[in-house]
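Straight from Swiss-Prot, the features:
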type	residues	note
BINDING	Asn8, Glu385	Mg(2+) binding site
BINDING	Lys15, His209, Leu210, Gly211, Asn212, Gly213, Asp283, Phe284, Arg285, Gly331, Val332, Gly333, Glu334, Asn335	ATP binding site
BINDING	Arg92	substrate binding site
ACT_SITE	Asp149	active site, proton donor/acceptor
SITE	His181	site 'Transition state stabilizer'
SITE	Arg242	site 'Transition state stabilizer'
Amino acid sequence: MALALVLNSGSSSIKFQLVNPENSAIDEPYVSGLVEQIGEPNGRIVLKVEGEKYTLETPIADHSEGLNLAFDLMDQHNCGPSQLEITAVGHRVVHGGILFSAPELITDEIVEMIRDLIPLAPLHNPANVDGIDVARKILPDVPHVAVFDTGFFHSLPPAAALYAINKDVAAEHGIRRYGFHGTSHEFVSKRVVEILEKPTEEINTITFHLGNGASMAAVQGGRAVDTSMGMTPLAGLVMGTRSGDIDPGIVFHLSRTAGMSIDEIDNLLNKKSGVKGLSGVNDFRELREMIDNNDQDAWSAYNIYIHQLRRYLGSYMVALGRVDTIVFTAGVGENAQFVREDALAGLEMYGIEIDPERNALPNDGPRLISTDASQVKVFVIPTNEELAIARYAVKFA
């Protein structure tokens, strides 16, 4: 069985999957796992093989040791690189800047180009590079492929991609809208076309990727024409811990009146804002319980969250001119029926009508949740970024 190894390297963790690229979107990966608490004494590796779960607790010094230990654990359970045919390795890379519009076969030169983009993604790209370096040493004889979160949004028209600031400053410092979650938005927008069995160029779609991080995209005939995240993943929708769109003047105000440093404001907006900053929680199951108990902070957080979804929805309906499908995906988008219902409430005049019974069904693969009379077909489609990355990677094998 030919498999692709998919790696998602974070600052203190590595998520990995062994994926059969021929799988359907809802098939479980053959192997999945997580290396966590890298650099800490309480490191842990969790491995899941065809439904069975195995755990190794040990200090993990760095990404190299973490990935080697993960492979050793896989070998112990007959699913490691020495027993299986790994044909390619796909690496999720958060930021490709303006340099990368499509997946790239990784070479030393490509690694240096990704490293040069670290100023655009200082929280993500360094860890992505670490994962690439380690994996190339451990598996030197298979192609390694970088798949960029930003790649899908290279098609944005200038009016959507550029900010109204001094053009020379913007050009010098790479300031523009890049967009993120691109692999997910592309995956579900392609999937809905397959479900409808229509030519890609005939379908206009609005995609909601709603997880702890959240973004939306307007996709016209298979090409992204707008998206809610910007130069960084901080922009756009209200998220679990991120503020989303705010008046930029707030940054100056906090600096001048509260004496906060840039790093403190960065931490506030990225980690202490959003739904959690407003309500104290960022898990929508907890938020729903609080709302049911009439917690006013939870109500306020939820209303602000929904308001921002609807603002972007209206904007993208205008940008597309004609909307054929709407797709919800990711943790909240796939599982929180009340979010879907409230995001699309009262839009029957625009041809959008949710079927309450369909919307209430459990998350079990792609499904239609709009009424038969709805002009706009609304779907819940589970995203599978790892499968998408695996399929890209094996093309280079």
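Glycine residues also receive a Cβ, built from the backbone N, Cα and C atoms like all the rest.
Annotation: Arg92, His181 are the recorded positions among Arg92, His181, Asn212 whose CA atoms are within 10 angstroms of the CA of Glu385 (Mg(2+) binding site). The Cβ of Arg242 (site 'Transition state stabilizer') has 26 neighbouring Cβ atoms from other residues within 10 Å, across all protein chains displayed.
Restricting the recorded positions Arg242, Arg285, Val332, Glu334 to those with a CA within 10 Å of the CA of Asp149 (active site, proton donor/acceptor) leaves an empty set. Across the residues the record lists as binding ATP (Lys15, His209, Leu210, Gly211, Asn212, Gly213, Asp283, Phe284, Arg285, Gly331, Val332, Gly333, Glu334, Asn335), the two Cα atoms farthest apart are 24 Å from each other.
It is His181 that, of the recorded positions Lys15, Arg92, His181, Arg285, has its Cβ surrounded by the most other Cβ atoms within 10 Å. With every protein chain in view, the residue among the binding-site residues Leu210, Val332 whose Cβ has the most Cβ partners within 10 Å turns out to be Leu210. Listed in sequence order, Met239, Gly240, Thr241, Asn282, Gly331 are the same-chain residues six or more apart from Asn212 (ATP binding site) with CB atoms under 8 A from its CB.
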